[in-house]
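What Swiss-Prot says about this one:
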type	residues	note
BINDING	G89, K90, S91, G92, S93, G94, K95, T96	ATP binding site
DOMAIN	53-284	domain 'ABC transporter'
Amino acid sequence: MSLNAKNKRSLDYCLQWPDFCQSKKASKLIVKLNKKHPKRRHYKDPEAKHYDVLFKGVCKAVTNGITNQLICDHIDLKIAPGEFVVILGKSGSGKTSLLSLISALDRPTSGVSFVCGRSTICCNDAQLTSLRNKNVGYIFQQYGLLRDLNVDDNIKLAVPFKKRHNNNLEELLERLELKEHRNKKITKLSGGQQQRVAIARALIKEPRILFGDEPTGAVNVDISKKILQFFVEYNRDKGTTIVLVTHNEKIVELAKRVIKIHDGKIVADYLNQRPKTINEINWV
């Protein structure tokens, strides 16, 4: 039996109805959060100018079409210029999701969120990109380097063409022990050398804040110690705000401030009264 056009459309709607209901149910949490904490297009907060990161009641909800999950749950956070912060959490704790929000890689679902004085919840994609380009350096867990380019070219990709004579390049190559490798392709470098290239690329534009997602997770202890020593010295010498995310409790001992996260919530936030030096930490 053939179906006319009207009956065929009706059948299509019936077949699509379960998916529609599922999607509608899955978005309830996001709708509820937005009603509770409505977005304000031109929201300002007098505190924002004093902090590199200012979060008040920030939530991030995600859905896979079936279940809802708060991956960041009512986060209150202030990070002042020049701080050295380590965010500690186990796998799945929400630390990388939080890092995406405070680095302006992602927007919250609700709450008040400022990064470098800008309300990220009010920014469109182009505005978020501009905010990151001007203020944020980010070291990705998987480095994100272009394998067919050499060290110099990978680093220079992070800055506009007209600024690629940046004197900061020579300083970074020197401090990160990359000068003798500058013309080598990424495929010819060790894992530790590739990590240092990723760090140089994140810092070449002299960002206001440097974020690192498990910056020593893929290298051995000796390389980790060198990289962490670089972060400590760079924070001290340049005054750049540094925020590192890790599951390694040893790294916490270096930080001036420690934030612990569990199930998308900040469960501890304290100052380290006496950060240890690299050599004082028992790395075994």
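A Cβ is built for glycine as well, from the same backbone N, Cα and C atoms used for every other residue.
A Cβ within 8 Å of the Cβ centre of G89, K90, S91, G92, S93, G94, K95, T96, the residues given for ATP, is found for these other residues of the same chain: H247, I261, H262.
Long-range C-beta contacts of K95 (ATP binding site), restricted to its own chain and to partners at least six residues apart, with a cutoff below 8 Å, comprise I87, L88, G89, V245, H247, I261. By neighbour count, meaning other C-beta atoms within 10 Å, the densest spot among the binding-site residues S93, T96 is S93. Note: G92 (ATP binding site) has no non-local neighbours, i.e. no same-chain residues 6+ apart with C-beta under 8 A of its own C-beta. G89 (ATP binding site): 21 other CB atoms within 10 A of its CB, across all protein chains.
When pLDDT values are averaged over the domain 'ABC transporter' (53-284), the model yields 91. All protein chains considered, the CB of G94 (ATP binding site) has 24 other CB atoms within 10 Å. Summary: among the binding-site residues (K90, S91), the fewest other C-beta atoms within 10 A of the C-beta are counted at S91.
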